[in-house]
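According to Swiss-Prot, the protein carries these features:
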type	residues	note
DOMAIN	9-202	domain 'Glutamine amidotransferase type-1'
ACT_SITE	86	active site, nucleophile
ACT_SITE	176	active site
ACT_SITE	178	active site
DOMAIN	203-395	domain 'GMPS ATP-PPase'
BINDING	230, 231, 232, 233, 234, 235, 236	ATP binding site
């Protein structure tokens, strides 16, 4: 008997916080389905959604500002548990008659939370010896708690940092439990969705696959599907999932655009022939892509050109396939987050994504995106459940535009050849030194600037390569990976000696934010 994986669900209302998608990630980690919607979702839509619980996100506004974001008045009367985070807690407090004022001292960063009174079930196991480290990011605070609420915790600078109304199952926290900097925050969100909201945890890899297979069959019917295969985790898992659902109705098109990693084209063909048994058509399109990118240096324009040309080629290939009606993509949730504000339109558009931008308005193929609601590690878990090779599943993310956004400025064939070699050496050394699987994403970047060097008795004037390696749990925030100096020295020496055209290697130690993981 199939399980309805959507029967238990959490509604997350987005007030514009950069961390909102992390809340969804933590709910998913508790094996509970959730959806993210704008804060002004109508009450009728909320009732129709029938959430097991509601989470109100943080946001950049102040609740006492004119036109400040607010929720439907009756939301708190629906009888479902509500957790307000940061702005969400302030909104809840003000709604019930509490007071919110500008803080005398703003809190940003680490803080020590101190338990007060008798913290309710939300805080089971959250405090050790009455204390818990948390991450703060607020300029306002609750100065007077509403009637019916009790203070559960505070800090030296803000006496009211957690509130609770046990009779109504309403909770608020001023800190951010969704970020990694709050060590036991993940546990707190798990407690909310599992213990307080009563969700049992039906959102598991096996059940997600079963549900996705059924949905794909229903959506596609007897139509044929064409999928753009890159060899990366997302398109590989999408191919395996769709193939399980519709078998020979799927044809994968592997576009060799001249912007892939060293030897990647041959590896992709060999891997899928051996492991998936999927029909794959290889298209050599290097000249078309490099010609289209000639003279283009703006990263957004490059992304649009690459995305548009991919779709154009897919359409050409689909015309050769009888009854091809669908274009499948490996779009995942973080792609949608960065490009479209997670469907809310409330988040700032940092950069367009290859899978969700650059599509022609009158595309002849309908889009099939079976992974678009999944985070990266959910995709990996599904890939393993589907039996894909471990090395394929755990390969670092590679952008859809490929080396096109790892070559700063104009893309040229000689630049791509240099970068391919440098990147291959870098990744090879990370494997050899047992760093690769400890790093979330690592790659080389080609900088189209020259610097003076000395090799032998001669002067050189050659290009620069930057190395990037980051650690992250969710790709929403990331820290740079501290490679040992001796490893950096060895990698640099190999690249400079083995790659013609490079005489300088630098290491990127920027975190996200303020920098993004990719340079473009």
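Numbering starts at 1 and runs along the chain as it is shown here.
Cβ atoms are placed via backbone N, Cα and C, with glycine included.
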Quiz item: Say you check the Cα of residue 233 (ATP binding site) against those of the active-site residues 86, 176, 178; which is nearest?
Solution: 178
Quiz prompt | Assigned element (helix, strand, coil) containing residue 231 (ATP binding site), judged by DSSP | solution = coil
Quiz prompt | recorded positions near residue 176 (active site), in sequence order, restricted to 86, 230, 231, 232, 234, 236 and a 10 Å Cα cut-off | solution = 86
Practice problem: Go through 230, 235, 236, our binding-site residues, and report the one whose Cβ sees the most other Cβ atoms within 10 Å. | Solution: 236
Exercise. Work out the three-state DSSP category of residue 236 (ATP binding site).
Key: helix
Quiz item: How many whole Å apart are the CA atoms of residue 234 (ATP binding site) and residue 86 (active site, nucleophile)?
Solution: 33
Quiz item: At the level of the C-alpha atoms, what whole-angstrom distance separates residue 232 (ATP binding site) and residue 178 (active site)?
Solution: 28
Exercise. Quick one: pull the CA-CA distance for residue 230 (ATP binding site) versus residue 86 (active site, nucleophile), whole Å only.
Key: 40
Quiz item: Which whole-number value in Å describes the distance between the Cα atoms of residue 236 (ATP binding site) and residue 178 (active site)?
Solution: 29
Practice problem: Run through the Cβ atoms and count how many others sit within 10 Å of the one on residue 178 (active site). | Solution: 30
Quiz prompt | Distance, residue 231 (ATP binding site) to residue 86 (active site, nucleophile) (CA atoms, angstrom) | solution = 40
Self-check item: Integer Å distance between the CA atoms belonging to residue 231 (ATP binding site) and residue 178 (active site)
Solution: 31
Exercise. May I have the list of same-chain residues other than 230, 231, 232, 233, 234, 235, 236 whose Cβ is within 8 Å of the Cβ centroid of the recorded ATP site, in sequence order?
Key: 229, 237, 238, 330, 395, 398
Self-check item: Residues that sit under 8 angstroms from residue 231 (ATP binding site) by C-beta distance, when 6+ apart in the chain
Solution: 254, 260, 264, 267, 268, 271, 392, 398
